[in-house]
Amino acid sequence: MNKQNNYSDDSIQVLEGLEAVRKRPGMYIGSTDKRGLHHLVYEIVDNSVDEVLNGYGNEIDVTINKDGSISIEDNGRGMPTGIHKSGKPTVEVIFTVLHAGGKFGQGGYKTSGGLHGVGASVVNALSEWLEVEIHRDGSIYHQSFKNGGSPSSGLVKKGKTKKTGTKVTFKPDDTIFKASTSFNFDVLSERLQESAFLLKNLKITLNDLRSGKERQEHYHYEEGIKEFVSYVNEGKEVLHDVATFSGEANGIEVDVAFQYNDQYSESILSFVNNVRTKDGGTHEVGFKTAMTRVFNDYARRINELKTKDKNLDGNDIREGLTAVVSVRIPEELLQFEGQTKSKLGTSEARSAVDSVVADKLPFYLEEKGQLSKSLVKKAIKAQQAREAARKAREDARSGKKNKRKDTLLSGKLTPAQSKNTEKNELYLVEGDSAGGSAKLGRDRKFQAILPLRGKVINTEKARLEDIFKNEEINTIIHTIGAGVGTDFKIEDSNYNRVIIMTDADTDGAHIQVLLLTFFFKYMKPLVQAGRVFIALPPLYKLEKGKGKTKRVEYAWTDEELNKLQKELGKGFTLQRYKGLGEMNPEQLWETTMNPETRTLIRVQVEDEVRSSKRVTTLMGDKVQPRREWIEKHVEFGMQEDQSILDNSEVQVLENDQFDEEEI
């Protein structure tokens, strides 16, 4: 092996100290909520994946232990166990110095995720304790750390071994992760499965040893990203078998897989050296550019587009497309835009992906002539639907004259007095009676009320033209005023927050789900920006005493109710709210609309693949997947209504005091 790829003690480079990590963890892992907690695991897992990516090892085991700690074990080369040029044991350098890793300066890896060299030390800094066990050069080595990264032992040789690899076990520090230090099996599962899809020869096992939660899953996909696309499209009506292309250009390896379904939204998942690039980048641009050019050339060749016709827009060509674009870029070419590393900036990646797709796609279209013709016709229909969407957007923009004027005159929208779109809020309220209370109870300056009277359409099943015909959805589109679908522009929104306020019963929950499905599919940037909320009206009102000694309390959960009952003692009256209309305007303001006292749930998309699959399963045409999901996840009891707070996945933002790291 040449020096370029020699994973040794000298290939570990040190850039800076670790002191700031515990003070500002958000800078290193994004947040200290459940996303940040799970990010710790990904940092260590991605180091193991980098070993596999570079041809060392093929197995990774992740185990949630009984005590709540987690272990990540691989069968790679094992971390270097000698003395680093700085004079300290190399293992200690890797786990205690920020930016110490084999990925800086091409010392140990040809390709890697680029940002994961910081991983081990950051995880150590944010852990109550951490232990590392290394199998290398015939020996087993062990070192432990405690209290956020301080070595509690030196590197100790424990015995002999024929294996190679690294095992890291750590317990997150509950003084850093105050919300929870409990790992979620399903969240880890999605991410680990993703890694297995991207590397054909990688086998991953996920174990949960916690009492009452025992579970095990294995991930190994011999057909790689082809199976990834099938997985994403599960439950959807697909139009053809998955197509795959591979090639190399500019020293960059390119893998592409795609499949069309009968839906109206596109889903492109892009990766660089097995790391997800959520914000896309040059590789995604290359894919889209080549696809648009090749499709238009083909459409003209088969005479579906005439000389006088405009080219098809890329958005129309990609309607209903699911694609995975995976590139492997040498370390010296790897560039990201911004600090988050979620957008690729390597210019060579654009031409590499463009070249591979432009080379392979024309042959595929010629070979599948009948399918290709139907895909072109599908794109032409999408173009027509987009024109309708553009018209709706223009109507909304000129609302002072036309559509919005009609909306206002019809008595639906009660607007806010202020024109400050940075502060204004739109409440979507279930029913007229609650809408009346909300109108009277609101702060007129910045809160607008839109009562929903009719049936909200299920936008997962409906065609785009039918969505525009639905009065409730159409009113929402015009009220928000930022367009819809691919033409949605978040900067044009009339409101900083859209708040869904429904009764605390199954009908109210159904309306919430229908509205969230619409926002997720057709106003996704609004959800991604964290600007869609669910209002949380109380379930109970407790009243005791009269006159000046009268005390009124509200409870949002049964737990809060029990606490208040004990606190108030005997002699109180209890009211169970079944609907928003049972509250007078003052009560509705105080409990649900006043920014000083209300509780809101922010709707967030943490994993787009997972979210999209759930929407398809629960809101799509196919009954069997929905039945199976419900039977697996829903416990049926006598009580029909329960608080959304009973869901452990919900994180509540109270009194509008949003933590910087949660936004």
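Even glycines carry a Cβ here, placed using N, Cα and C.
Annotated features, as they stand in Swiss-Prot:
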type	residues	note
BINDING	Tyr7, Asn47, Asp74, Gly114, Leu115, His116, Gly117, Val118, Gly119, Ala120, Lys341	ATP binding site
BINDING	Glu430, Asp503	Mg(2+) 1 binding site
BINDING	Asp503, Asp505	Mg(2+) 2 binding site
COMPBIAS	387-398	compositional bias 'Basic and acidic residues'
DOMAIN	424-538	domain 'Toprim'
REGION	386-416	region 'Disordered'
SITE	Lys455	site 'Interaction with DNA'
SITE	Asn458	site 'Interaction with DNA'
SITE	His510	site 'Interaction with DNA'
SITE	Arg626	site 'Interaction with DNA'
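Of all the binding-site residues given, namely Asp74, Glu430, Asp503, Asp505, the one with the smallest number of surrounding CB atoms inside 10 A is Asp505. On the backbone, the CA of Asp503 (Mg(2+) 1 binding site) and the CA of His510 (site 'Interaction with DNA') stand 10 Å apart. Counting only same-chain residues at least 6 apart in sequence, those with a Cβ under 8 Å from the Cβ of Lys455 (site 'Interaction with DNA') are Asn470, Glu472. Across the structure, Gly119 (ATP binding site) and His510 (site 'Interaction with DNA') place their CA atoms 42 angstrom apart. Each residue contributes its Cα atom, and for Glu430 (Mg(2+) 1 binding site) and His510 (site 'Interaction with DNA') these two points are 11 Å apart.
In the domain 'Toprim' (424-538), the DSSP tally of helix, strand and coil residues is 54 helix, 21 strand, 40 coil.
Secondary structure from DSSP puts Gly119 (ATP binding site) in a helix. Asn458 (site 'Interaction with DNA') has His510 as its nearest neighbour among the recorded positions Asp74, Asp505, His510, going by CA to CA distance.
Counting in whole angstrom, Asp505 (Mg(2+) 2 binding site) lies 48 from Asp74 (ATP binding site) by their C-alpha atoms. The two recorded residues, His510 (site 'Interaction with DNA') and Asp74 (ATP binding site), have Cα atoms 45 Å apart. Per-residue pLDDT, averaged along the domain 'Toprim' (424-538), amounts to 86 for this model.
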